[in-house]
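Asker: First, the structure itself, so that you have it in front of you.
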Amino acid sequence: MSTITLLCIALAGVIMLLLLVIKAKVQPFVALLLVSLLVALAAGIPAGEVGKVMIAGMGGVLGSVTIIIGLGAMLGRMIEHSGGAESLANYFSRKLGDKRTIAALTLAAFFLGIPVFFDVGFIILAPIIYGFAKVAKISPLKFGLPVAGIMLTVHVAVPPHPGPVAAAGLLHADIGWLTIIGIAISIPVGVVGYFAAKIINKRQYAMSVEVLEQMQLAPASEEGATKLSDKINPPGVALVTSLIVIPIAIIMAGTVSATLMPPSHPLLGTLQLIGSPMVALMIALVLAFWLLALRRGWSLQHTSDIMGSALPTAAVVILVTGAGGVFGKVLVESGVGKALANMLQMIDLPLLPAAFIISLALRASQGSATVAILTTGGLLSEAVMGLNPIQCVLVTLAACFGGLGASHINDSGFWIVTKYLGLSVADGLKTWTVLTTILGFTGFLITWCVWAVI
């Protein structure tokens, strides 16, 4: 099948999905599965393989995020119901003021994003975003948008995240220099993202009922309702902070051990297990069960109800995220990304813009930032021969920032951010998609300026 035909099929699929969700008000989970099925058949994937491809897409995403979203949601619900999120928000609001609090939380997200994967870190910070927004009496989008933006920037540009690490190997870039330059460029990108988010947030966006319940601006279900006694004596700032920092520190320890310890070290496997996001969040949840619930006089039944009340909202996020993975997998298997990349490679572009444009096109066409970065690295692996070490790093970063832009409905991260921030699909495209594209272009332009200097 020709490249043009594949691109038309992919474009028609995206348009159909937008019409189903925005105009026809079809549930995103159902719409994503339906469009994925139709695109798979139209793109020529054998009928007997379509089901396997869709299941692989669902499993590939849910295998990594289901447990994390579930545990993170329960931990966040316990912190929120105890009054801990508001306690933390009140403390920092008194110390910094509302405007500085947004900047401070964004800065914290930058450091959190270096060792922790984007989806894990954002899920951990979600209850804090709700708490700060509630205290400031503003939309959680004002906190969540710059926080998510800087975390995704670090995720695509800075080792030890998989995209930049794998691309460095393909493009012969030194990991040390990639880390240093990646962090250095991510800082001004984050600053631009912070102010871009402020401009985007000048408009008011409607929040979903689930997020309104989290903010206690809509009646919650009986199971998830907060008893007044739970918040009369909220936990202190130190306790709440520790419950957030502990899983992050454990994950960091696992990441550092994998980087510094030899593969044969007897403790490496144990440290990697403990440092996995799943185990780290389980440890934090057990601590919250003891410190926020049992020690504060909550009954076992009440504690169980609170933890259980987090799961319906988490289930929606999980299902829609998984369906987004299905759509992305179908687009990958259809060959649309590869065909597009090969077509762009035949156009005589300078090396740095080629790395960015190919990666951005792959990101927009099939959804996964990591796949976009890796594919670009593979396509350009021979083109970087003869470059000096810093130039190899800059080509790698150009590909990474291409993978940052254009996060939309075929990206599972789009659904995580929009669902947690209570955005509709249309508003998600106006906010999150616009912000990631601004961040991607900003990162590339700074990288190009550095290239010109050296």
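Placed from the backbone N, Cα and C atoms, the Cβ positions cover glycine too.
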Asker: Using the topological domain names from Swiss-Prot, determine whether P160 and A341 lie on a common side of the membrane.
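Answerer: Both on the same face of the membrane, per the record.
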Asker: Kindly state the mean pLDDT of the topological domain 'Periplasmic' (196-235) in the predicted structure.
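Answerer: Summarising the topological domain 'Periplasmic' (196-235) by its mean pLDDT gives 70.
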Asker: Need a quick answer: max count of Cβ pairs under 8 Å to the transmembrane segment (342-362), which of 53-73, 175-195, 274-294, 434-454 is it?
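Answerer: Looking only at 53-73, 175-195, 274-294, 434-454, the most contacts with the transmembrane segment (342-362) come from 434-454.
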Asker: Taking 3+ C-beta pairs under 8 angstroms (sequence gap of 6 or more) as contact, is the transmembrane segment (306-326) in contact with the transmembrane segment (53-73)?
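Answerer: With 3 or more qualifying Cβ pairs, these stretches touch.
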Asker: In terms of Cβ proximity under 8 Å, which residues at least six beyond the ends of the transmembrane segment (384-404) contact it?
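Answerer: Distal contacts: 152-153, 156-157, 163-164, 167-168, 171-174, 177-178, 181-182, 185, 189, 351-353, 355-363, 369-370, 372-373, 376-377, 436, 439-441, 443-444, 447-448, 450-451, 454.
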Asker: Counting only residues 6+ away from its ends, which parts of the chain sit with a Cβ under 8 Å from the topological domain 'Periplasmic' (49-52)?
Answerer: 37, 40-41
Asker: Thinking of Cβ pairs under 8 Å, which stretch from 2-22, 175-195, 236-256, 274-294, 434-454 has the most of them with the transmembrane segment (28-48)?
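Answerer: Maximum Cβ contact count belongs to 2-22.
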